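Trainee: In case it helps, TrEMBL gives these features for our protein:
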- 1-105: domain 'HPt' (DOMAIN)
- 48: phosphohistidine (MOD_RES)
- 300-326: region 'Disordered' (REGION)
- 367-379: compositional bias 'Low complexity' (COMPBIAS)
- 367-397: region 'Disordered' (REGION)
- 435-462: coiled coil (COILED)
- 436-644: domain 'Histidine kinase' (DOMAIN)
- 646-781: domain 'CheW-like' (DOMAIN)
């Protein structure tokens, strides 16, 4: 059976998106003057993980671009280059290119080659500049920290007699102990120096020469290295079925020349040119990285099974480790914390002692420079103490689940809620005294159904940080483009919203943020002239209020100018007056084609956007409000329901029909007196409630319902509030409050004026959910109620 690797594409795309977002955030937060080593390592790991996955799936363009970026990041984390602002800008630009390449592969298309070539050229230039800086600093360092070669040769002499090549971990220990100055001496004896490209692997030729006592010889591997040494892959804790899959998939990467099975442990000898990172990436789709060990080793003479992969092994115990298996190759993903490798023989122990002696001899002469370096390092401010504690990783306790599965689960819970309502309807005619246990069971079922519904809905919830994390980069780039200094502050990142809404709120919020940056916050000079701090502040916040989520975009800029908006509205032929309230004036900016910008730019000024923002928010069942004060700034407030799947509603009766009013719109209910009812122009009626005159909407007139009560004094008036405005709604009677499952009407029928959705009641009948906000807007705009009400007041 061949493993279909395309089934893992979506997992890679999702993880790559997360890694790119993490990389961007870390780059934006990076202190260029004093970069945190942990942050640099995390940025490098993100790039490396993307490269490894892209190489596994054959995404060549993504692999090549990430590889060059990774090389620069590797030098940065190893303190081999000094970060500059233009480097961070290029890294962020590279992130954008990688996102574009990822989107292309997700759409089964090829990424734009010209864009990739341009960013790779920028990265190559930065890499070349960093290497040129190294060449100058290294020549100075060699002169300043010259080491007596005789001391090093004397210390290395016992090693020369062994004639064996230095194992990799010996090299690593020696270089780590000796430091960069020892590495400079080791390279000095070589007759030629080869400039390595970003993708070249490190060459241990010269340090191996020291180990072999070969002086300036360029021979890296002794002549007596055993023939037939292959890549040995050891996989632990693998089930039989997964073993068969891994054998087949690894066989596609090269030729399996031998294998040994021992229970859940599998050892393979592979003849391949594929990098170990790619092998690890393939295996990690089946097992965890901690279960994988890769090294170079000769096949043992016994217990090696050749031939058809997947055949049961005859061995019952793993073969003893041989000397050739000592040079374990640590996967790149875990180079920061390599697994300890046991020395297989006394020769290796002697090698370690000898190499550390070399390091000690060199350190004696370099103690002064080292002390100076340590003094400088200790003088740096301890910024880690001020950093917030990192959130614990939840990778081990979380799984990825497709959205369609969650939606199916929510639909099933909705059906359960309907079934529970049907049972409650059926038992409502029973005598509680005779059916006490039944009623107790029904009450328990209702509680369990609600708990289950809340638990399932929480699965669809996503934190607002998913949205807010996109804006630091936008604010940074746009503020620089506009010549402004802006500080972004966010609150309530952990506030959760339904996934379907959180994806749709991104575009409206983006437009509001761009508007605040372009129109709201002033330039540094203008702010200082107004007595403000030169750096403006943009605040994004989210919080729960009842059954809604409130998202605010606030700035401390110049605020909206009432006179300017009214003048522009009059110029465009809108019916406005000086008696309009501030709220009504601010709402004019949501009219199509309205803009107060003096000139059109690529940021804003065309009058296209704010009307779309309002329309999109209304389509999500929400509304938008604006508050502004001259010279102090503007706040745009978005109010959205937490979810569109299930809501608490009030059942009301109009004639013989049942309608559902969303409970979050209902303020109160009352039965008015005749003297509280007034008729104004066009036959419209208003009701006076505690001195406030509210427009009266008669549901029977909106939906043409017969046999309904037309006299408000004989019916019930419910006071509703939508989009910051209150109005009255005339109904016949209140039926009760219940939880209803929202069914999209447009999908199954068509859009109906004044109706947002439908639901199924306990008796199996269909009830319509009233679009309260739409009825309020229609009443306000079609009849100009505000002017008539002002006259009454």
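Glycine is treated like the rest: Cβ placed from N, Cα and C.
Unlike curated entries, TrEMBL annotations are predicted automatically.
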Trainee: Looking only at the domain 'HPt' (1-105), what are its DSSP counts of helix, strand and coil residues?
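Mentor: Counts, helix then strand then coil: 85 helix, 0 strand, 20 coil.
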Trainee: Per DSSP, what is the residue tally for the domain 'CheW-like' (646-781) in helix, strand and coil?
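Mentor: The composition, in the requested order, is 27 helix, 70 strand, 39 coil.
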Trainee: Count the other Cβ atoms sitting within 10 Å of the Cβ of residue 48 (phosphohistidine), across every protein chain shown.
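Mentor: Excluding its own Cβ, residue 48 (phosphohistidine) sees 21 Cβ atoms within 10 Å.
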